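Asks: Mind having a look at this structure? Questions to follow.
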Amino acid sequence: MNQLILASQSPRRKELLDLAGFSYDIQASHLKEEINRNLSPAENVQWLAEQKANDIQRLNPKAVVIGADTIVAIDGKCLGKPKDKKEAAFMLQLLSGKTHQVLTGVTVQSENRKETFYEQTEVTFWTLTQNEIDRYIETGEPLDKAGSYGIQGKGALFVQKIDGDYFSVVGLPIAKTVRVLETFGITPF
């Protein structure tokens, strides 16, 4: 059986692979995650997922590697992880009372094959008060998440509606990822 490697330090992606029952190793890619303003949100997440998978694949040519990236898009603007509390507040104000898209790109790659895809989910936020935003930022939760919120944590309190794959918003569309991994000969549980 091929070795499976997750090219991410995301605890949420780890939890989802654990939930599915995979045996895998973690080797985080240390590539700088920069959004390319010349690419669409869908192109960005797929490109970043491929870069992460390529980075780890070079070091482990016999392994099957999963690279993933998540961004939030609103009004054509891509939101990655905030640089600081001020940027987190700006992002949350931007999302307040509106519908945005959460896109997660995934690359599954072996020595001689690569499959890249993305999932897009629509998320609508309630209108947020500045007090709610400030209190949420003080928890520290939004500082390592695309769009400055975690739907699986306290950020769930901001979500009015979701249309699409919840797990994609968390960081990995696990059902589709499992199906792709199975075509590489990697099966869960």
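The backbone N, Cα and C atoms fix where each Cβ goes, glycine too.
Feature table excerpt (Swiss-Prot):
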type: SITE; residues: Arg12; note: site 'Important for substrate specificity'
type: ACT_SITE; residues: Asp69; note: active site, proton acceptor
type: SITE; residues: Thr70; note: site 'Important for substrate specificity'
type: SITE; residues: Gln152; note: site 'Important for substrate specificity'
Asks: Far apart in sequence but close in space: which same-chain residues, 6 or more away, have a Cβ under 8 Å from Asp69 (active site, proton acceptor)?
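Replies: Sequence-distant Cβ neighbours: Glu33, Asn44, Val45, Leu48, Ala49, Lys52, Thr104, Gly105.
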Asks: State which of the following recorded sites has the fewest other Cβ atoms within 10 Å around its Cβ: Thr70, Gln152.
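Replies: Checked Thr70, Gln152; of these recorded sites, fewest Cβ neighbours within 10 Å: Gln152.
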Asks: Just the number: how many Å between the Cα atoms of Arg12 (site 'Important for substrate specificity') and Gln152 (site 'Important for substrate specificity')?
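Replies: Arg12 (site 'Important for substrate specificity') to Gln152 (site 'Important for substrate specificity'), Cα-Cα distance: 9 Å.
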Asks: What whole-number Å value do you get for the CA-CA distance of Gln152 (site 'Important for substrate specificity') and Thr70 (site 'Important for substrate specificity')?
Replies: 14
